[in-house]
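For reference, TrEMBL lists these features for the protein:
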TRANSMEM  A:20-40  transmembrane segment
TRANSMEM  A:60-77  transmembrane segment
TRANSMEM  A:98-116  transmembrane segment
TRANSMEM  A:128-147  transmembrane segment
TRANSMEM  A:174-196  transmembrane segment
TRANSMEM  A:203-221  transmembrane segment
TRANSMEM  A:241-260  transmembrane segment
TRANSMEM  A:272-289  transmembrane segment
TRANSMEM  A:322-341  transmembrane segment
TRANSMEM  A:353-382  transmembrane segment
TRANSMEM  A:394-410  transmembrane segment
Amino acid sequence: MSSATAAASAAQRPSAGAAALKDAVLTALIALGLFAPIVGLRTDVSPTGGLMLRQRWGDVAILVGLAFAGRLALLAWRAMRDGPKPASAGRAAALRKAGAFVTPVMLVLAVALPFVPGTGRYELDLGILVLTYVMLGWGLNIVVGLAGLLDLGYVAFYAVGAYAYALLATTFGLSFWICLPLAGILAAFWGVLLGFPVLRLRGDYLAIVTLAFGEIIRIVLTNWVSLTNGPNGITSIPRPTFFGLTFSAGGGPGSFADFFGIEPSPTHRVVFLYYLILALALLTNWVSIRLRRQPLGRAWEALREDEIACRALGINVTTTKLTAFALGAMFAGFAGSFFATRQGFISPESFTFIESAIILAIVVLGGMGSQIGIAIAALVMIGGFEVFRDLDEYRMLVFGGAMVLIMVARPRGLVGSRTPTVALGERKTIGAEHVAEGRG
Amino acid sequence: MAYALQQLINGISLGMIYGLIAVGYTMVYGIIGMINFAHGDVFMIGAFVALISLVMLVSGGIMDGPAAILIVLLVSMCVTALYGWTVERIAYRPLRGSFRLAPLISAIGMSIVLQNYMQVAQGARVKPINPVLPGGVTVLEADAFVVQFSYMQMLIIAVTLAVLAIFTWLVTRTPLGRAMRACEQDRKMASLLGIDTDRTISLTFVIGAALAAVAGTMYLLRYGVIDFYIGFLAGVKAFTAAVLGGIGSLPGAVLGGLLIGLIETFWSAYFSVQYKDVAAFSILAITLIFMPTGLLGRAEVEKV
Amino acid sequence: MAEPILEAGALTMRFGGLTAVDAVSFTAMRGDITAIIGPNGAGKTTMFNCITGFYRPTGGALRLFRDGTPVDLHRLPGHRIARAGVARTFQNIRLFPGMTALENLLVAQHVTLMAATGFGIGALLGAPGYRRAEKAAIAKARHWLEATGLVDRADDPAAALPYGQQRRLEIARAMCTDPLLLCLDEPAAGLNPRESEELSALLRSIRDGGCSLLLIEHDMGVVMRISDRVVVLDHGRKIADGTPAEVRADARVIAAYLGEGDEE
């Protein structure tokens, strides 16, 4: 629909309206075809054990009506939008200016959150959850956003980190601070192990192999009962300590509260965990930002842009990909051991494909390669998911629908542009249309 | 020996189902180069529509036996095709010509939507049905082991072969098939030559969904129990099959499906059931390491 | 007199039953511009891809003379060839489109920079050695940006540059790897007469700077103007080899190539 149509005279309105109406009726008919069999006829197990049908035509009518109204509203909105547009260049500049403030403001908010009045246990737990995903998003961004390698099995490394910590801590009694680097190294090692044979595969072949790897890890964790306790998971994983000081609820000698002479409170541990994940996430961020401005990170981006040209410049494509893969895996390993120590309990159920999909969605929705975009995407997706807690069984439905909607509205993510890593003169932002997204 | 023969029969009938789903993946990949992650859930929808119409026919006392199966199959194909069309229209068409990962995320979102939609609409509990076509033929009796070729397995193999034959005819001999192949080669050029590419792509999704519906119906009839979650694993397996066969290649998808079905069945029979998926995935990884474009895939030659 | 820089001995490349390059031997001299010409399908690009490591030759040898010592190119993996001192450009320009011109040139210095960073770790922690190396790398990039007349566009994404500038940027990027031998695949394709005149001057100045050049070119004007030596291929075989004047006079060349159309 061109702007000419929208700006048409009032005399032509009725015909445009009629067309929209026809379109909406058609939509309603399709909705009827979609919903009548599946919503209208509900199969239930009858007392005799067989299946019987329950009819729900009222629900179908509501859904069809919604489809009709929704289509009409969409058409009306499109007609309005196609009218005179506000100066988009000015708006973009304003947005960029606002963007410069977003990062520091968010950082300050993140640091101050535990002291903001009204922040209770629930808010902190949510903050920890969001930050875990921010960290995972930043970690995966190294692989997908910078190096352009499509990894659908990122959760495998998260699982490796979690199980590495849980097993090392429960079997050998090692402390969190020793296990954390070990878990990261182990995850990176698995990244290299997987990456070495498969990184010469391109695009979707790499995607399915990484997905398969994620599933393999999960299946092994489920079935290797003697090591992992199978589907029942590992319980009573030691909690982290603050330089050897424990966070026991009752205080007591050697506890955090006792050492600092304050009233023991269960909040201390939550606050400590909150700052722990914040620090880990910021470490991930610091390493990726720094590496991006250096030869290794530049080589990753070059790899995403054109692999063949990289080879012609003497860049060892395989090792460069491997470093991205291993580094991404390492941060997932850190996040995994944090997850294990926070929960105190892990089982294979926490490491399903949907986790990988959510992390990937955060990276893509954030705008690949943009650190702040990913943080916002994680906040919106994970925080939003919490906000809609009351929707119960409709929650995942809304979640999936939101993923589709955001992608359709902003295919390049929230921040699709790229900032150059170095400049002779002024650093100019590079529009999303120029930036490649890799084929590997 | 007899045991192996039985596994061969089981593996082929399972592989046929994977093959049917894999064709949908490979077709969509060939024509628009995206992984249609929701395809496994379209298969699940197909199984549910078949379930609902079967319950209606049988418990309503309207029909039974082979005639019912035929009706169920047709209803499932029609409704599922409509779902396939809608999914493309809502989640993929707006992203046409966009960046590669946008449709992938949109597809993952769509997969979540379809799964949870089904859970809300039909409940989370598993749905069992009574066997529709019980019995079979004893092929061989040796060492106190009876090799059974059930009527259901025969039906699966026969229907799959028939559907694939029709489908092959459609792709190779009809104007629609020509349009599809043209879009696959070069979409822009095809549209310059007057092919309605949007319509062709829509039809690709419709055909893919209809094939998935056949697979869903067969799955329901063979295993007798479904739930809203079957789409994920079946989808991943079928996608694995498509990649194993060489994504973009239609015979490759069927071949890959058969191989995955056989690997899974034989591994379960001789080694361990728990690790059957590990076996399938490992063989995929090993195949790709030595044949980076799958068994029948075209080698991607990059001009420099 | 002059010493060789590259020596091809009975170089052969077969694809299945098709022999694209059939036992071609030639020698490129240090400090020369050597052009490879021939009609379409003569095997020029195939030979080029062998030299630059994108194909592994089916038979024969390729030797690069690095300070007089021969390096067997046909045995090296792809990325090692660039490190041995062979840089190339592509017929269909292959820049890093979303990165700025300057970034493109820094990626070209990856190998040197990586060594200076202590393989990433030193740079991450802000080691002073890396800062020096980066400064030197930017200076070198600026030098080549100036040489190619692109210094004003240093901070623009490569994709936003016009065609002629992209061609020059690709040459600048190849030169940033400090090659002994620069291989150019149809550098004048798509350029207007003024631009190809500028290109000739650029290539001559690169040669005068001490780098040897090997180029495939269809633009006979450019070839005849700047080449010191011309190798003519036809149907995968070498049919002539000599100075531009000699080649122009060669009856077989005229029959195979020049006689068939002046516009080629």
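Note: Cβ is positioned from N, Cα and C throughout, glycine not excepted.
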With pairs closer than 6 in sequence left out, are the transmembrane segment (A:20-40) and the transmembrane segment (A:128-147) joined by 3 or more CB pairs under 8 Å?
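Contact criterion not met.
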Is the number of Cβ-Cβ pairs under 8 Å between the transmembrane segment (A:322-341) and the transmembrane segment (A:60-77) three or more, considering only pairs separated by 6 or more positions?
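Between the transmembrane segment (A:60-77) and the transmembrane segment (A:322-341), which are separate recorded stretches, there is no contact, as judged by 3 or more close Cβ pairs.
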Taking residues 6+ outside the transmembrane segment (A:272-289), which of them lie with a CB under 8 Å of any CB in it?
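Apart from its flanks, the transmembrane segment (A:272-289) reaches 110-111, 113-114, 124, 127-128, 131-132, 134-135, 138-139, 141-142, 146, 240, 242, 247, 256, 297, 327, 331, 334-335, 338, 341-342, 371.
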Which sequence-distant residues neighbour the transmembrane segment (A:98-116)? Criterion: at least 6 residues beyond either end, Cβ under 8 Å.
123-124, 127, 131, 271, 274-275, 278, 372, 375-376, 415
Counting only residues 6+ away from its ends, which parts of the chain sit with a Cβ under 8 Å from the transmembrane segment (A:203-221)?
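Counting only partners 6 or more residues beyond its ends, the transmembrane segment (A:203-221) has Cβ contacts under 8 Å with 149-156, 159-160, 163, 194, 228, 230, 348, 351-353, 356, 439-440.
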